[in-house]
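Notes to accompany the following structure.
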């Protein structure tokens with residue numbers, strides 16, 4: 001129930017005690033390591049290098065399936081002195097592939113996600129139900145055809161889909177009325193921090209009060225759309241992105257020898273990062289370069305489930 005400790009305010013002794021308290025680091029990417037549509041946040045590459053120098057085991061846990069694992073790796077590779085490999089990236093499309101392979105799934109998938117996400121599933125050998133692009137519903141006959149006139153699938157997968165429509169959700173709901181059809185979700189965030197200095201046509205330079213932080217506002221995340229289908233079908237999905245229980249199990253299996261209390265989770269979202277990490281029994285560090293602000297933090301009552309153990313202005317405060 002104590003207030004979070006600010007890393008900058010720790011004494012040298014307290015700082016060393018902090019570093020000695022964990023062996024494994026799970027770190028979010030967008031809003032923590034880099035800005036969603038920009039490059040590395042100043043100081044974050046040095047902080048990651050410092051954690052590696054101290055022998056910490058690093059895994060990057062991202063909900064961003066708009067960028068592929070390869071694109072994440074390419075971003076890291078541009079930073080001198082940083083060596084991050086594929087096994088260190090936990091990404092919703094990849095965890096869904098791993099899950100489907102683990103259960104020996106071979107059926108047809110109806111996937112509501114971005115093109116890179118779908119491509120990763122196809123590259124892993126899975127079959128995706130075809131989509132009719134640009135099909136406009138103008139009558140009940142069109143609607144019936146769009147929902148009922150398609151192939152039966154054995155799994156419905158929902159992640160971020162910027163071309164989502166009511167018809168797609170209805171089709172997903174129809175398939176999930178079959179109790180044997182799997183219901184999987186990737187990222188389940190309610191909101192996604194979003195902004196690249198452009199605010200509804202007004203450049204941020206002309207609105208200085210919006211800088212910092214670079215994220216001026218959030219957009220609706222996939223969580224609400226997953227909830228629509230879950231409510232209609234009266235079924236809960238297996239969530240393989242943050243803040244899902246299935247992801248928690250997957251992360252636990254990666255470090256069976258490490259107690260949860262010796263894990264530090266670094267994130268920028270109070271709900272999908274800090275809430276998820278606290279429920280997992282991890283230590284938590286909130287960075288204020290992304291979705292969670294100092295104001296949001298101040299508004300949380302003592303003992304709240306989203307209250308972090310530590311807070312810092314940016315990841316660079318670690319180095």
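Every residue, even glycine, has its Cβ placed from backbone N, Cα and C.
Remember, it's a predicted structure, so these values are computed and weren't measured experimentally.
Annotation comment: TrEMBL describes 28 as active site, nucleophile. Counting every protein chain shown, 26 other Cβ atoms lie within 10 Å of the Cβ of residue 28 (active site, nucleophile).
Summarising the annotation, TrEMBL assigns Mg(2+) binding site to 28, 30, 268.
The active site, proton donor annotation in TrEMBL covers 30.
Among the features that TrEMBL reports, substrate binding site is placed at 242. Over all protein chains present, the Cβ of residue 242 (substrate binding site) has 28 other Cβ atoms lying within 10 Å.
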Separation of alpha carbons, residue 242 (substrate binding site) and residue 30 (Mg(2+) binding site) (Å): 13
Most crowded position, judged by CB atoms within 10 A, among 30, 268 as binding-site residues: 268
Alpha-carbon distance [residue 28 (active site, nucleophile); residue 242 (substrate binding site)] in Å: 10
Between residue 28 (active site, nucleophile) and residue 268 (Mg(2+) binding site), the C-alpha gap once rounded to whole angstrom: 7
